[in-house]
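Trainee: OK, Swiss-Prot features for this one:
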- 1-23: signal peptide (SIGNAL)
- 24: pyrrolidone carboxylic acid (MOD_RES)
- 39: N-linked glycosylation site (CARBOHYD)
- 106: N-linked glycosylation site (CARBOHYD)
């Protein structure tokens, strides 16, 4: 798990970019600290291939990419939560989390709190499962209105175009 954690922290750097409120140099130093701590340069880290970069290659559209990135960011937040008591790497994780927070959640504390709540929901709890199934229709409806709205607007524009040319 230690090698995997380190490798994931390294991938985070490439996934989310290198700029941020702490600057490139600071961000790179913190990634290097994590690499050293987890011995991520060891050849056995590469066994089995990368965790996320191959998956990300399949997601070309920017809005689609956000979907998979949200799952990856969720993973990193869980990883950092599991390592929160490790004082040796705490500062590095805090800086990386802050940069991730700025890039992925646009610095919104409310979004961060909601995101944390979501990743903490236990999926093996029967009451949670029942609530989730109860809300499934609403969630599915929330997922689809944008595409229906676009189709409706496109249809209206086509209809208007026909009326104008008649």
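Note that Cβ sites are derived from N, Cα and C of the backbone, with glycine treated the same way.
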Trainee: List nothing but the one residue from 39, 106 whose Cβ has the fewest other Cβ atoms within 10 Å; the candidates are the glycosylation sites.
Mentor: 106
Trainee: What is the separation, in Å, between the Cα atoms of residue 39 (N-linked glycosylation site) and residue 106 (N-linked glycosylation site)?
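Mentor: Cα of residue 39 (N-linked glycosylation site) to Cα of residue 106 (N-linked glycosylation site) measures 31 Å after rounding.
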